[in-house]
Amino acid sequence: MDTPLVTDDLDRTLAEQVLTLAEAARAADGVAPLSEHTLLRVRHGAPSGSSRFHLALEDGRAVGFAFVERVAGEPDSGEVVVHPDHRGRGHGTALLHSVDRDAGPDGVRVWAHGRTPQAVSVAREDGWTAVRELHKMRMPLRDIAGDEPGGPWEAPELPEPELRPEVAERVRLRPFVVGQDEQAWLAANARAFADHPEQGQLTLDDLLQREVEDWFDPDGFFLATAKDGGVAAFHWTKTHADGAGLTDGEPVGEVYVVGVDPEWQGSGLGRALTLAGLRHLRDAGLPWVHLYVDGDNEAAVRLYESLGFAMWDTDVMYAPPRDDAPRPNV
């Protein structure tokens, strides 16, 4: 087997092949193997020095792919996918080894989405260990019948969001305005996620790329703005036209990201904006909403459970064996 090709840039042909194999894996496994961020990097390219693309090739065609994002002072963060028709040939292991060899000074971590048997098997056989979990939670926005996927399940009540009087005097809730709110939102996002490298370091280019995606809807992007024009908190919702594995193709919603500026923590804005977004998705006629939350964020899990969400699935981040640890012979 050839060593995977490693590059800082993908030409259009390879990018299309990666998108095709990722869709084939999603259809076979029932879970998307690559995050939205990775797919945007494949489609639009990445800033110089920020990313690495690893490709397993057969007859010049991409049959396996790994993406690695580099953030200074943090371990590289990656994802790996192999086309369903080309599994069992060592491509997954070869890509993991390639990512590990190419890692930056702080090492590398790799996500496995949905705990698919193939991903878990490859990681364990090669000595990688789980170091982080990202829970997926779901909630119905209408009553789900017993003969529907996920049913039966009665939708919870979603009360109108209310702000405490002392908070309501200082902020107002409104939708995001394209061309006006980008910089204020980026500043608030960086403060809210200062300890979260994947989310907290989003750039203007990252935001603008999302604004031209088919799913983007500023009316579903809720801000709490202070009198000085700054963003105190926000809730960005998203609609998945393909059902995101929750339906047989009927669109569903997502709590895409909720953030609160540290100065506004404890104000109740997070809950109020979450409710505003959920009611927006419900009123759009969507049957389900889902979200992602870090496994160690117990406060957020409790908040979402209090609103009616329940655990659905888990993504797992793996770390490679220590340098002095023997690798299994696979």
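Glycine is treated like the rest: Cβ placed from N, Cα and C.
According to Swiss-Prot, the features are:
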type	residues	note
BINDING	Val80, Val81, Val82	acetyl-CoA 1 binding site
BINDING	258-260, 265-271, 297-302	acetyl-CoA 2 binding site
DOMAIN	5-142	domain 'N-acetyltransferase 1'
DOMAIN	171-328	domain 'N-acetyltransferase 2'
REGION	142-161	region 'Disordered'
Query = So which residues does the region 'Disordered' (142-161) touch in its own chain, when a touch means Cβ under 8 Å and the partner is 6 or more beyond its ends?
reply = 173, 246-248, 271-273, 275-276, 278-279, 282, 287-288, 307-308
Key: Distance check against Val80 (acetyl-CoA 1 binding site) for the binding-site residues Gly268, Ala299, Val301, keeping those with Cα within 10 Å   = none
Task = Could you say whether, by DSSP, Val258 (acetyl-CoA 2 binding site) belongs to a helix, a strand or a coil region?
result = strand
Task = Can you figure out which of Val258, Gly266, Gly268, Gly270 (the binding-site residues) comes closest in space to Val81 (acetyl-CoA 1 binding site), comparing Cα atoms?
result = Val258
Inquiry  = Taking the Cβ of each of the binding-site residues and counting other Cβ atoms inside 10 Å, which one has the highest number: Val81, Val258, Val260?
reply    = Val81
Note = Taken over the domain 'N-acetyltransferase 1' (5-142), the predicted model's pLDDT averages 94
Among Gly266, Gly268, Gly270, which are binding-site residues, the residue with the most C-beta atoms within 10 angstroms of its C-beta = Gly270
